[in-house]
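Let me begin by presenting the structure, written as C-alpha cells, before commenting on it.
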Amino acid sequence: MDGLNAAEQRELANRMERKQMKEFMTMYSKLVQRCFDDCVNDFTTKSLISREEGCVMRCVDKFMKGSQRLNERFQEQNAAMMQSGQLPGR
C-alpha cells in the first residue's frame, strides 16, 4: 500500500472490507445450511426439539473450533514463510 495515494488506499480498504464481509456471510450461510441439514429433521413443530437444539449447538461448536484451528495453522504457515523469505510476491 506504500505506492498508493490516500484515495487509492481508502478504495483498497473498502474493497478488502467488502470482500471480508462477503467471505463471512458465505461461511455463515454454509454453517447454517450444514447444521440445519445435519440436525433438523422434525418439521411437525416450528421450534427445535431438544435433540435438534443440542445437535445444532455441537455442530456450530465443532465448526467454530475447526475454523479457529485452521486459522491458527494458516498463521503459523504464513509466519514460517515470511521468516524464510518464501512469501509470494516478495
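Quick reminder: no glycine exception, Cβ is built from N, Cα and C everywhere.
The following features are taken from Swiss-Prot:
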type	residues	note
MOTIF	35-59	motif 'Twin CX3C motif'
DISULFID	Cys35-Cys59	disulfide bond
DISULFID	Cys39-Cys55	disulfide bond
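Counting Cβ atoms from all protein chains shown, Cys55 (disulfide bond) has 17 others lying within 10 Å of its own Cβ.
When DSSP labels each residue, the motif 'Twin CX3C motif' (35-59) comes out as 15 helix, 0 strand, 10 coil, counted as helix, strand and coil in that order. Not one residue of the same chain 6+ positions outside the motif 'Twin CX3C motif' (35-59) places its C-beta atom under 8 angstroms from a C-beta of that stretch. The Cβ of Cys35 (disulfide bond) has 19 other Cβ atoms within 10 Å, all protein chains considered. Take the CB of Cys59 (disulfide bond) and look out to 10 A: across all protein chains shown you find 18 other CB atoms. A straight line from the CA of Cys55 (disulfide bond) to the CA of Cys35 (disulfide bond) spans 8 Å.
Of all Cβ atoms in the protein chains displayed, 18 besides its own lie within 10 Å of the Cβ of Cys39 (disulfide bond).
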